[in-house]
Every structure is written in structure tokens, then in C-alpha cells.
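Reading through the C-alpha cells given below for one structure.
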Amino acid sequence: GWLFWRVMACGRQSGDSKRQVILFILCVCVCQTGAETLRYSLPEEMERDSFVANISKDLGVSLSQLAARKARVVSEGTKQLFRLDQNTGALTAKESLDREEICPQSDTCTLVFKIFFENPLQLIRGEVEVRDVNDNSPVFPEKEMVLKILETASPGSRFPLESAQDKDVGINGLQNYSLGPNPHFSLATGTAKDGVKYLELVLQRQLDREEQGELNLLLTATDGGLPPRSGTAHVRIVVLDANDNIPVFDREDYEVRLAENSPLQQLVVRVAAADPDEGSNGEVRYAFTQTSERSRQLFQLNPTTGEIRVVGNLDFEEAKSHKMVVKATDGGELTAHCKVQVEVLDMNDNAPEIALTSLTASIPEDAPPRTVVALFSVRDRDSGDNGRTECSIDGDLPFSLTPTFDNYYELRTNAALDRETTAEYNITITATDWGTKRLSSRESIFVQISDVNDNPPEFTQELYTMSVMENNSPMLRIGRMKATDADAGKNARVNYALVRQEGKDQPEVSVNSENGDVYILRPLDYEKVRDFEMIVLAADGGSPPLSAQAVLRVIVRDENDNAPVLLHPAPDSSAAGELVPRWAPSGYLVAKVVAVDADAGQNAWLSYELAKATEPGLFRVGLHSGEVRTARAVTERDAARQRLIVLVRDRGQPSRSATATLAVALVDGFSEAHLRVAEEVPAAEPDGPLTLYLIASLVCVSALFLATAVAAVVAKVRRARRSGTETLPTFPTTATESDAGSLPRSYVYDVCFAAGTVNSEFRFLRPLFPCFPAGLPPAPGELRSSVCSQDAASLGGD
């Protein structure tokens, strides 16, 4: 025992669980050799909770270790006879022990128990010998025994007597007999081959019926206890007249083998005794003598035929053999005796018994293989192969059985466990014996697998796309992100959070940490932010926590919250002035209204319409282009000043609009119209060097244009003189076409500046056409202008 605890202490100090298991197995082997067995003794009939031993002192284990390691005592069999107090270390008897009741047919009575320790698992075997006390007196089966003896019996004849029974054993058992004083008989005792003591009455002196027909003797049986106990029986001797022949059995000993499951009334054996006398002296009757009460309960003897039959349930585990003595008596009261020994054969009539000693009801799913889950023992009361057992586990489960010692088995894991696959196991253990007709028993062990945080949360999508209308209300819920965790309990409790990204502004969204609801914190503006992405983290409640990420994309939907904005004419001007010649035909481009809308989609699709005009039928506006053109040719009856209001409208719901005001002057000549318009335009304040740069650029371009025009005219005149044909000068088409931009080739736009201004203003002036002499028609595709070349020169001078 000292070696066992020293080795286990070294295993605990090393901190290596594998080494500790190996040391434990070595210690178990040492225990098996008999080095560790606690032996105690206790007298029977002690009071309840009587002290047996101090386990703490005998094993050298402190009381704190007894409690911490959950030490407990388990007796063999179904009845627990002992109790271990973890607070004091005392081993006590749970009840008063009666040796005669516990071990009725054994000279020694030893009770086996085992002490179990956990963390680590250890087992100590112990024995308690229940010592016999002299608490039973010898008892004769009959208080009066009657012997009928012929008067002709010769001295030295022996007559068997019923032996007394004493339930005590050893020195407390039956020791001797004594016979009351008398002149005819003495006692003789002996021991049979099987160790059973027998008692005989010996005739010392010839009987004489005529002298004394009956004798009364007192037989006393005494045990060896202190003080001794005794029992008495009366022996009545009836002296008979002479009977020449006594019954004679065909055998002195009958030996029979009988199966323990023999049915009732089955014939065991038939004993037979013959008496050659005639009449009543030859009639033989049979009876049991010197036979235990238990045997009399199991077997029945027919007094006439001598047949012995089974009348009780034979049990090999209770008694392996039964010995009986049969007495044959003839009509003359002469007797003979024979012995009958019945050997009970063991049959496989007891199924194995499974006794669960230790069980771990819950183990973590990350428990390594070979983890001990339970410890149990298997017991079969049969013998031989009928008592050999084997154990197995039903089904394909990640568990295995490992035999240890004394028919104990360990239930261990043999593979990795996964609670998410199987959260609990109902393990059925089957114990089967090796009998010809194999018997088995089952025991179910319920083991739960506790959760370990080994699964991170999983989002249902890698990318969540949600949309929100701009100008939303604060804290508007727009959707939910969902992540699941295969674990259980707090390991499956998912919390959501936004991942802060360096270099990015404060997020516009918030995620509910418990349910993943997504909220917009403040109103959004589609014109500033059309979409954005955030990373959402889902973390479980394990230790350490596991997490997963998903991308949240928020798309801002446009709302028609912006009205069209006019670029031309400028919205801050009171009215834009445009010049239209009196001879302008239908479709003449007067001006172009340019507007934009900051919205998107159909909210930004613009349409133009003429809302109001001085002459409603004179002008029309392109629905999508915004071009203002004449709807018919201008006539002399039309008013010289026209005012147009153009409505620009988007297609949103509801739609938004803006208006542009155009002032149109119908003029006969370009010069006077230009002057008139120039005089009406108010002077503007200087606006810095930009106007100066524009003026310088315009002067350079104008000078280049004039030089090119002059050169072209000179070249034209020279060619005309050479050819002898007089032609009129014209403006180069390249100049007019290249400067026209996206306008029709027939129109050119002049840039003019009002006196004293530094702001550039682009105005639609009248078309620049070359001057033709009176009477000459214009070239095809050109329009006749009434403005002469000197007017153009004067305008250029201005």
C-alpha cells in the first residue's frame, strides 16, 4: 500500500497525465499480486454504525483528499454493508452483522469491499472478517428420540442418534456430547470422511425386556464458547422382543448427480432394503435421519417405496451438495441405515449482473481519446464457463470497453467527439456469459457531451446588399444580417459589431449587437453618397471567442429632391437678350436653354416647354433639346420686343421645375440691334484678371481673323483681274464653319463686351453674312443680309 501511494504521488507531482495513467496501471498490477489489500475483522452482532477502521490513517490519505477525490466504499453484491465517512475517514458498519445469516454454511465469513477514488481513478481492495461469537446454542432436531432395540442385541451394538446442530463455528460450535448416567449405554462420537461429526449410542450391557422394558436417557450437546452453551434431548429406549433379521440395504452409499434446475417431483434415487423375515417383521419403512432441515425441505422420501423426489428449488450457488441418511425399519423395529449424497450440477441459470461503480455523466467534446467515462463490474453467480463473462457495446459508437481487474471494466472514448454531430449518447452495455445456453444482461449508460467553442459563427451570405431612400429618417431599420453558430449555450450566442476601418469616415450605419438589425443613423444624400460598404463582425460568446466577417453594402436610392438648375440663361439675370432678324424664317434658332438636374434616373430627365410668350405662335421650344426656334417666319406685324418664359421640368414624382426668361428683339439690321442691346445691358463690376485674359485672347483671334480675311480678299481680286471677270469678295467658309461649333453652318456667333465690363458674356447675335451689292442674289444655301460690310466693320471697331 505504501508503494502504491508513493507511485501515485510521484505521478501527481510530475503533472504529466499520461505518465500518471501508466503509473496507475503499474500500481494496479502491484495490487493484483496482493501487495494492497486492507484486512480488518469485526465481531458479529455489533451495533449499527460500529467502527471498523480508519481508512484515512491506514492509507496515509488526508481527510481533505478523501473529500476532494470523492472516496467511497462499495461492497460486493447488491447489499451495501459498510459506510465511509469522508469527514473523519472512519469505516463503519451500516447495520448489525449476523454471521450465521451472511455466511450460513461457511467456517469463515469474509466480506469484500472496494474503496474508489477519483481524480485520478484508483481502487483499493479490502476485506472484513466477521468473527463468530457464541450466540447460538446446540439444538437437536427432535426433543425426544425413540430407539427400539431388541433385547437380544449383543453388547457393543451401535445405534445412530440425531446429531445436534450449532450455527456457530470454530470453538463456538458444537464440541462434545454427554449422556446421563445409566448401566446399559455409552456415547461414541466420530468424524466422517467429509468432516461431519456423527453420534452413536453403544450398548454396554445386555438388555432384558422383562427386567426393564423402557429406558429414558438425557443426551446433552455442549459448545466451546465462554460461557458454554448447551442443548438437550431425551432418548427413550424401547426394549423389543427378538427379531431375527434386520433390514439390509442393497448399497450403503448412494451417489447421485442432479441438475440444479430439476423440476419438482423428479425422481432422485430409490433406496431399497430387504428383510427376510415374514409378516410384519419383514415389512420395511423408510425415513430420513441425521439429515439437515434444508435437505428435508428440498427432498421428499416415500416411506413405503423408498423413492426420493425433488420438492424444492435446487440452487447450485446455495449448496453444491446435499447429504442425507435413510433409516429402514422393519415391523419388528429393527433398523438399518444408508447414506445418500446428491451432487448438484451447475446450470447456466444466472445472467451476468452489471454493477455501475463510477460514472461521468458529462464529458467535453474535446476530450482526448481513451478518456475514462465509467467504471463498472460484472458478476455471474454460476461457475465454470457458465460464470465466465464478456462485455460489448451495442452499435457503432465512439466508445470501447477495457477490462481491468476483478471483473471490472472501464468505458473509454476511442475517437474524437463532436457535440454538433451527436449531443448525447445512450450507451447500452451487454454482458454475456459463456454457457451453452448463453445468458446476457444489459445496462444503459446516458452520457452527455458538453459543448466546447470549436465552431465560429457563419453568415448566411458573404455580401448583404440593402437599399435606403435618401433623406431617410434617423435610426431607420433597413434589414437584418444573420449569423448562426453550431455550438450551444453561450458559445452559440452571437454578437454583431462594425469593424472600424482606418482612413474612413464615421460609419453611417449601426448594427444591433444582439439580433443583427441594420439601422441608418442619419439622413443620407444621394447626390453626396450613392453607396458605401462596411464590414460587420459576428463573434460568439466563447472563451476565446470565434468570429466571422461579412460585407454590408448599402445602396442609396435617389429621391426627386433637386429642382432643375439653369445654366443658360443664367438664373441670376433678369432676362437674357436675344436678337432675331425680321427676315428670320421658320425654324430659325433663337437661343438654347441649358439646364441640369443633380438627381439621377428619371428624376434627372428634363423636358422643356414654352410656358408663356408675347406671341405664342411665333416661337416653339424643343421638348428634349431646349432649343428655342421660330415656329413661323417673322413678319413686320410682329412686335419688336418679345418675352418668352421657358419651363424646365423633370420626371420625378412629384416633378420639380424651373423657368428661364428670354427677351427677344426683332431687328432689321445687325448694327443698330447690337448697339441697342449693348445700351440696355448694365455695366458690371470688374471681376479680376480673368476678363483681361479673355480680352487679350479675343483681340489675338480677331486680328488673325481679319488678316486672313483681308488676304483672302486680295487674292480673290487678283485672280479676278487676271481672268478678266469681275467677282465679288466673300468670307472664307472655313472661318465661318470652324467657329460655328455645334451650331448650324449657316450661323456664326459673335462675342461682344459691353463698355466698362470685365465679365465675359456670350450672346446670340444676328448671323454674320457677307454683304452683296444690290441686285446680286446670294449663293445657294446662304441668306441675304441687309447689313453692309461697313456696318460689320463698325461693329468690329466697337
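Glycine residues also receive a Cβ, built from the backbone N, Cα and C atoms like all the rest.
Listed features, source TrEMBL:
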DOMAIN    82-140  domain 'Cadherin'
DOMAIN    141-249  domain 'Cadherin'
DOMAIN    250-354  domain 'Cadherin'
DOMAIN    355-459  domain 'Cadherin'
DOMAIN    460-566  domain 'Cadherin'
DOMAIN    580-684  domain 'Cadherin'
TRANSMEM  692-715  transmembrane segment
Range from 250-354, 355-459, 460-566, 580-684 with the greatest count of C-beta pairs under 8 A to the domain 'Cadherin' (82-140): 355-459
Stretch-averaged pLDDT - the domain 'Cadherin' (580-684): 84
DSSP helix/strand/coil residue counts for the domain 'Cadherin' (141-249): 3 helix, 55 strand, 51 coil
Counts of helix, strand and coil residues, the domain 'Cadherin' (580-684), according to DSSP: 15 helix, 45 strand, 45 coil
The domain 'Cadherin' (82-140), counted residue by residue under DSSP: helix, strand, coil: 4 helix, 26 strand, 29 coil
